[in-house]
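Database features (TrEMBL):
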BINDING   Gly50, Ala51, Gly52, Leu53, Met54, Gly55, Asp73, Glu135, Lys140, Ser162, Asn188, Lys324  NAD(+) binding site
BINDING   Ser89, Lys96, Ser162  CoA binding site
DOMAIN    46-228  domain '3-hydroxyacyl-CoA dehydrogenase NAD binding'
DOMAIN    231-332  domain '3-hydroxyacyl-CoA dehydrogenase C-terminal'
SITE      His185  site 'Important for catalytic activity'
Amino acid sequence: MLAARSVLRTQAQLASAARVNTVARALSTSSVAYDAKQRADSMQRVTVFGAGLMGAGIAQVSAQAGLKVTLTDVTDKALENGINIIKKSVARVAKKQQPDDIEGFTNKVLQNISTSTDAGAAVADTDLVVEAILENLKVKQDLFAFLDTKAKKDTIFASNTSSLSIGEIALKCSEERQTQFAGLHFFNPVPAMKLVEVVRTPKTSQEVFDTLLELSVRLGKVPVKCKDMPGFIVNRLLVPYLLEAVRMVERGDATPEDIDIAMKLGAGYPMGPFELLDFIGLDTTQFIAQGWITKAEEGLVPLDLIKPTDLMAKLVEQGKLGRKSGAGFYDYSSGKPNKG
Ligand SMILES: NC(=O)c1ccc[n+]([C@@H]2O[C@H](COP(=O)([O-])OP(=O)(O)OC[C@H]3O[C@@H](n4cnc5c(N)ncnc54)[C@H](O)[C@@H]3O)[C@@H](O)[C@H]2O)c1
């Protein structure tokens, strides 16, 4: 009986200790989250590199969230292109969010955006750099290595790369900066797509990672956490799926039309794989898959999943890149997809 009571007492003590631990853990998590939220909320300036499709979108959602944005590119023409993309897109958002004062809404957002072709000056006083330039490892590495010498010590660096390793992009920066380096992977079109993959390398500090998660929420997005692996979450699953759909056609298993219908009606996908391939661009998908071959050799992704397909290579060679070129798996020359 005594022994039983003592066991009960020990169990009660253990339960009480566990409760204290749980509360301590909750407090420590909430204090980390609170600091990160405070840091994200107090950010004032963001510098976006690349005024193309993605950079323009990232600049727009940042400006809409009240951040002062410097949009940076290599030529004035590219910046003009970016500003035009933003103007059209903000007008669409204004129509929905502030239909009574479209001009007021648009002006307020545009007032938060300035442009620059001077990369060093553009980061001198910024809290965050988001890079959305062309998908080339060396070009990205060189840009970040230069920015590392120009930005404040605590400026966070982020890349929007779709297919490169964040850790490799950061490699030419100082060790200290590499702890403040992460991936912020937005989706196209940025103003409409809710998801952001926040990617951490083994060197990314917890505070920087948490701050970027909180910042994504401030930008009106839903963040997901991910390690620095080929394709992160979405492309890691999507690219092998798209390639296997092409292989099905190559093997004569089914037609693109039937596969698209099957995946829409059978799996509830909003687009079939061939409609999606034409939307993304066959060249883009092929480029991502080819880039992963070296990752497969390193054992980071199974080679069979991402082996290039002859059919897609042939279409890319013929200039059939999808919607943007007027034809891909389907023909768009009449304005509507011809699925003949
Ligand atoms: N397009 C997509 O659907 C998509 C989706 C998610 C992520 N991404 C990634 O976003 C990045 C940009 O893609 P995009 O589709 O916007 O490309 P894009 O070709 O539309 O724009 C790239 C811009 O970067 C500029 N640029 C090139 N080198 C530069 C430099 N050194 N400094 C400043 N600007 C420079 C170019 O002039 C161009 O304006 C890529 O890394 C891509 O993988 C693209």
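Placement of Cβ uses the backbone N, Cα and C atoms for every residue, glycine included.
Note: TrEMBL annotation is automatic and uncurated.
In this structure, the CA atom of His185 (site 'Important for catalytic activity') is 7 Å away from the CA atom of Ser162 (CoA binding site).
When the recorded positions Gly52, Ser89, Ser162, His185 are compared by the number of other CB atoms within 10 angstroms of each CB, Gly52 has the fewest.
Around Lys140 (NAD(+) binding site), taking its Cβ as the centre, 23 other Cβ atoms fall within 10 Å, counting all chains.
Filtering Met54, Ser89, Ser162 by Cβ distance to ligand 1 (under 6 A) retains the following binding-site residues: Met54, Ser162.
Binding of NAD(+) is attributed in the record to Gly50, Ala51, Gly52, Leu53, Met54, Gly55, Asp73, Glu135, Lys140, Ser162, Asn188, Lys324, and the widest Cα separation among these residues amounts to 25 Å. Shown in sequence order, Phe49, Gly50, Ala51, Gly55, Leu79, Gly82, Thr115, Thr117 are the residues of the chain, 6+ apart in sequence, with a C-beta less than 8 angstroms from the C-beta of Asp73 (NAD(+) binding site). Spanning the residues Ser89, Lys96, Ser162 that the record associates with binding CoA, the maximal Cα-Cα distance equals 30 Å. Mean model confidence of the domain '3-hydroxyacyl-CoA dehydrogenase C-terminal' (231-332) amounts to 95 (pLDDT, 0 to 100 scale). In the three-state DSSP scheme, Asp73 (NAD(+) binding site) is classed as coil. For Asn188 (NAD(+) binding site), the count of additional Cβ atoms within 10 Å of its Cβ stands at 13 [all protein chains shown]. According to DSSP, Lys96 (CoA binding site) sits within a helical segment. In terms of DSSP helix, strand and coil, the domain '3-hydroxyacyl-CoA dehydrogenase C-terminal' (231-332) has 68 helix, 3 strand, 31 coil.
Taking the Cα atom of each, Gly52 (NAD(+) binding site) and Ser162 (CoA binding site) are about 14 angstrom apart.
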